[in-house]
Amino acid sequence: MTGTVPQVDSIDSAVATPDQPQPYRELGLADDEYARIREILGRRPTDAELAMYAVMWSEHCSYKSSKVHLKYFGETTTPQMRGRMLAGIGENAGVVEIGDGWAVTFKVESHNHPSYVEPYQGAATGVGGIVRDIMAMGARPVAVADPLRFGPADAPDTARVLPGVVAGIGGYGNCLGLPNVGGEVVFDPSYSGNPLVNALCVGSMRVEDLHLAFASGVGNKIILFGARTGLDGIGGVSVLASETFSGDEDGSGRKKLPSVQVGDPFTEKVLIECCLELFHAGLVVGIQDLGGAGLACATSELASAGDGGMQVDLDAVPLRATGMTAAEILASESQERMCAVVRPEDVERFMAVCRKWDVLAAVIGEVTEDDRLRITWRGETVVDVPPRTVADEGPVYHRPVERSAAQDALVANTPDALPRPAAPSELRAEILRMAASPNLCSRAWVTDQYDRYVRGNTVLAQPADAGVVRVDEESGRGVAVATDCNARFVALDPYVGTQLALAEAYRNVAVSGAEPIAVTNCLNFGSPEDPHVMWQFAEAVRGLADGCATLGIPVTGGNVSFYNQTGDRPILPTPVIGVLGVFEDVRRRVRCGFTRDGDAVVLLGATRDELGGSEWAHVAHGHLGGRPPAVDLAAEQRLAALLAAAAADGVLTGAHDLSEGGLAQALVESSLVGERGARIAPPPGLDPFVALFAESAGRALVTVAEPDAEAFLARVGEAGVPASRLGTTGGAELVIGELPALSLDELRTAWEGTLPALFGSP
Amino acid sequence: MTMRIGVITFPGTLDDIDAARAVRHAGAEPVALWHGDHDLRGVAAVVVPGGFSYGDYLRAGAIASLAPIMTEVIDEARRGLPVLGICNGFQILCEAGLLPGALVRNAGLHFVCRDQRLRIDSTETAWTSDYTRGQEIVVPLKSGEGRYVAGAATLAELEAEGRVVFRYVGENPNDALSDIAGIASADGRVVGLMPHPEHAIDPLTGPSTDGLGVFTSVLTAVAAA
């Protein structure tokens, strides 16, 4: 299409036509929000200004419903917890020091709604976006992981969404050369019309290479580099991510198709290498990635965080579509773009590095003396605003918060009366059924589509409790990362459930042998306009912040994703919690499973009759109700300290966290991953069913060499961790008490067959 | 003097640091070669590593095979320079005409990442002399377009001349013809394979150390030349 040059809606024309109707509602702005923009500017906004405010004041960018709750993180983070933290909430990603002059940055973000509309591109650009966040801190991205939630495994739409999402994550991540080291795949009917596609990225850097997003130094140039700007993804944050989502064929889901971004991982890979070379050459004063809200976000955030104003000329932006308006250029969410602040004398060297990598770059503006963000297009000024009003001083809502009466009924509906298997043959059959169930079966169908080896620093990846990556090849210093959330527990008690998610991620990191040091999150909830959802959210935030304070590790950043619901039915509240741990030497990592014959198998932690929200209640009875397991963060701390110390001493030959599916599932996985069975006596004094399927927190299954067993048990006792010796590894069968033996072949068939049967052979 | 082995980086190359590490572990010095240069910097052998050169646009390996550095590689390979192509590198060597046949989409249509059993079917190459014939090794395979195909005459020639170097053992992961995972040029100096020996050099980060032999073999081959 060529031809029609759009009319420029300049500041002058806005002043001249104060009463011109503007489509602010279609852009997602409320009446009072529009009125406030007019008040700030003292006139009506231009089309371009309206587009900027609309995307920046969207729920996704402004956190307008969550802000009042999120500030509790700041209030509960002590100076001691901040000890290792170099950058925290509010930056592109949190950064923590891990020793020897190394720092690590990590963050999780959601790309839920785009991934429902167009699974492949939605998931792919989710990876791309989080990777650029990590790059914007000055780090080299070194690993990714993807916590995923889908509708029922056998639902027809899951067969559309899941393979596309997995292929998109693989297609983008594999092509970027980032190992995928973990993540989750969970099925639940509440995610049917609203899957959760969260993406985590970890980056590493030398402490002195930390970069922050700000535009400072009058006269410094603003350089946009990477891909061209096109019409894709316009309104992604405001239209897709910040509204209740209707995905039916004739509904708005179809109309919103153009709001999904399209990714090109090759461009991003080249951009990574280009950025790192620019950082190392000292050519970057400030840097910001272009993600949600595109240039509107990057320019206003850079200017808002800096010490001056900014002048930008949109005519200098390289475009890939003709006839774009200023508003479209500002709101475009075209992928693989970054924005840098560069000293004038460095511009030529900056451009030379970009040319080396065949990366397109253009000077689009400069830092100015006053405190305005001015944007021109076709010679006319189309934006003239105080940048803070766009980026930081958006609306703040105190949404109604109310625990609904239905919560009482949910809690009252305990699993106590559910029929439980008791006979040995029934228990055996239940173990097989559970192992084959969609939430517990092998994830190989998914993870085998991801490259876990690239860069040669992956020490642990699936199947493992945590992904472990070496950061420094000389010393072996490295990190572990795990994400977790049992959303059923959160639904039963958002405060406790979120602490259980924190405890599980913390424990998974500890089980791998690392010391947990920092927390990130991706808080996936329903509509903030639903008071019960806001109650879940507020409780979850409080639970997480209090939990982190108890554990003494800080929340370094996070992401809020609201409006995850189908019609008026919200998803299970799903605050995905990521925990980062540090290793002085990754050679001390502890592998998952029974790694050697003849080792002693020890269960750490106490088991109670806790089946509310359990996988067993879900699989056997489709039941969700009662209380979640109790959480004891002090006990988690003792367990983690014990595991880290034992790992450092090289005592543990294997370890595995107990979570969904309880001891039974941990035994099955330990046998299959380690490719050897074990003879096990269930812990004494417990009903065998409870011993096998209860989901009490604070537990891990470990193995130690037989000669070390006695000393280890003594050490466990001194550490104040309950323990019972369960048996010995070896053989081709898993033998549990009186139960008929389970052959590894039979277990493997059950565990590995489910996803290929549903989604086709890989 | 330490032997110098070149590792090429194209835009979109991913496993160059892994290949360089494997070269170092084998006792040689890795030398970075840039796609846009007409300069092999005097190296004694070249590794064309894995990745998605030029985004795999057009066809995997097609654009990279025309890069300036490849002109030099092709010339020198015809004079006996040992060249190893891993994964995307194998695709590039096929596109460059240094090896016969082509790599197409896996039969299952998915990207496959797994620890793969392979059999060494020829030790008469510059890159496999440190193995024994029939030896089984385990190295990672990770590719979406790894299915080796070639015409019947080419296949017959490869088999007759003993130029099938690596063969998949157990389940064929991509439906490659005759279970072919890797092949050699007629003079045995140029070898390409889909699996990644450079990811199997350290038990901490790989499934085995079985891949190291590829990189030590070439030291022997060059020393003998």
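Glycine is treated like the rest: Cβ placed from N, Cα and C.
Here the structure is a predicted model, which means the values were calculated and not measured.
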Record-annotated substrate site (TrEMBL): member among A:GLN261, A:GLN407, A:GLN637 besides A:SER110, A:HIS111, A:ASN112, A:HIS113, A:ARG132, A:GLU333, A:SER334, A:GLN335, A:SER561: A:GLN261
Among A:ASN174, A:ASN508, A:ASN521, A:ASN524 - the residue TrEMBL places in the same ATP site as A:TYR63, A:LYS107, A:GLY558: A:ASN521
Given ranges A:1-25, A:376-400, the stretch to which TrEMBL attaches the annotation region 'Disordered': A:1-25
Ranked first among A:22-64, A:90-204, A:464-581, A:596-731 for CB pairs under 8 angstroms with the domain 'PurM-like C-terminal' (A:218-377): A:90-204
Neighbouring recorded positions, C-alpha within 10 angstroms of A:ASP289 (Mg(2+) 2 binding site) - of A:LYS107, A:GLU109, A:HIS111, A:ASN112, A:ASN521, A:GLY558: none
Tertiary contacts of the domain 'Phosphoribosylformylglycinamidine synthase linker' (A:22-64), as residues 6+ beyond its ends and Cβ separation under 8 Å: 9-11, 13-15, 70, 235, 237-239, 241-243, 292-294, 296-297, 300, 325-328, 330-331, 375, 377, 382-386, 389-391, 394-397, 528, 560-563
Among A:GLU333, A:GLN335, A:ASN559, which are recorded as binding-site residues, the nearest neighbour of A:HIS111 (active site, proton acceptor) by Cα: A:ASN559
Nearest of the binding-site residues (A:GLU109, A:SER110, A:ASN112, A:ARG132, A:GLN335) to A:GLY558 (ATP binding site) - Cα to Cα: A:GLU109
Closest of A:HIS60, A:ARG132, A:GLU333, A:GLN335 to A:LYS107 (ATP binding site), Cα positions, recorded positions only: A:ARG132
Surrounding CB atoms that lie within 10 Å of the CB of A:HIS60 (active site), all protein chains: 26
Cβ contacts of A:ARG132 (substrate binding site) (under 8 Å, same chain, 6 or more positions away): A:GLU268, A:LEU271, A:ASP289, A:LEU290, A:GLY291, A:GLU336, A:MET338
Closest of A:TYR63, A:GLU109, A:ASP133, A:ASN521 to A:GLN335 (substrate binding site), Cα positions, binding-site residues only: A:ASP133
ATP site span - longest C-alpha distance across A:TYR63, A:LYS107, A:ASN521, A:GLY558, in Å: 17
